[in-house]
């Protein structure tokens with residue numbers, strides 16, 4: 001059995017060795033000729049899996065994507081050919097939520113505001129949007145959810161209108177790319193919508209680049225008419241409009257979901273799905289391969305406030321590191337993909353155990369940290 005695997009799916013060799021002949025390929029440059037003898041195809045979001053890519057292959061049985069999003073997969077075509085498909089829903093929701101949290105803590109420090117004084121509209125209330133909501137709600141923010149498809153499907157949570165989205169202090173996008181249907185998301189934020197936003201607002205996009213009309217955004221930015229921008233995703237990746245970069249407060253190359261834990265979680269989900277398809281019992285889990293974080297415990301004696309949360313957060317992940325590196329690497333023609341391919345290891349907050357009082361542990365847990373009651377950890381860093 002020939003298993004073709006995107007070369008940037010982490011720990012794939014460890015998980016899949018023994019299940020067939022492993023062939024690793026560049027996901028950005030996959031071709032029909034290259035995949036002609038694949039029985040299993042494992043990809044990421046950069047590979048469009050459709051009739052064109054699979055036109056020469058007559059034996060493919062299983063396609064998997066190590067991502068939450070599936071808009072790069074022609075599922076109708078796969079179904080018509082009898083090819084089993086699997087994705088990794090929720091695999092990197094924590095990673096994206098922590099990217100948003102780090103970004104907002106940085107901006108709050110720079111602009112001198114308290115997050116609990118702000119309202120945030122979370123556009124998209126699926127796995128990732130919900131993870132963002134849980135963390136920011138724990139910080140006391142006025143969180144609003146906008147998701148018409150979920151509302152129509154009977155979701156019992158309270159949802160806001162799009163008008164209310166545009167009135168929020170902060171807007172964070174977490175919807176898939178939808179081209180057609182009653183609720184398309186491509187250019188959801190077009191020139192008309194963007195022109196309704198103000199300099200006092202913050203707009204974050206860690207979902208899909210096509211949600212925002214980047215050219216319209218640039219034209220407004222050149223006039224000084226945009227909110228503070230945090231962009232992890234861009235139109236026309238990897239060949240983004242670099243003229244937009246100077247106007248973006250925090251800019252990164254589609255790495256919000258790139259924590260080691262989240263990426264390996266996606267690999268494990270594909271591994272388990274393939275084992276189920278082959279009617280085999282899986283032997284491995286993420287814990288078999290991922291080591292402890294370099295900084296894995298800390299003790300705090302002070303009362304938790306926003307600066308302390310920022311300090312704890314940035315022991316694990318500080319988005320400013322990625323922003324600075326991206327602005328440097330994007331000067332190279334292949335810089336966007338190079339940074340993603342060589343992305344420095346980043347862990348999730350759960351890998352850090354915070355020793356604190358019982359009273360403070362609930363908030364820490366809601367933010368994603370592991371916790372222990374004071375004095376239960378012997379070897380810790382102290383803040």
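The backbone N, Cα and C atoms fix where each Cβ goes, glycine too.
Per Swiss-Prot, these features apply:
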ACT_SITE  208  active site
ACT_SITE  237  active site
ACT_SITE  254  active site, proton donor
BINDING   45, 67, 258  substrate binding site
BINDING   147, 232, 257  NAD(+) binding site
Practice prompt. Compare the C-alpha of the residue listed as 'active site, proton donor' with the C-alpha of each of the recorded positions 67, 147, 208, 232, 237, and give the closest one.
Written response: 232
Worksheet entry | Pairwise Cα distance for residue 258 (substrate binding site)/residue 232 (NAD(+) binding site) [Å, integer] | 11
Worksheet item: How many neighbouring Cβ atoms, not counting its own, are there within 10 Å of the Cβ of residue 237 (active site)?
Response: 18
Response to the item:
For residue 208 (active site), the close binding-site residues (Cα within 10 Å) drawn from 147, 232, 257 turn out to be 232
Worksheet item: Just checking the recorded positions 147, 232, 237, 257: which sit within 10 A of residue 67 (substrate binding site), CA to CA?
Response: 257
Worksheet item: Which whole-number value in Å describes the distance between the Cα atoms of residue 257 (NAD(+) binding site) and residue 45 (substrate binding site)?
Response: 12
Response to the item:
Pairwise CA distances across 45, 67, 258 (listed as binding substrate) top out, in Å, at 12
Discussion item. Taking 8 Å from the centroid of the Cβ atoms of 45, 67, 258 as the cut-off, which other residues in that chain fall inside it around the substrate site?
Written reply: 44, 46, 66, 68, 69, 92, 254, 257, 263, 266
Discussion item. If I restrict to non-local contacts, at least six residues apart, and a C-beta distance under 8 angstroms, what lies near residue 232 (NAD(+) binding site) in its own chain?
Written reply: 99, 205, 206, 251, 252, 253, 254, 255, 256
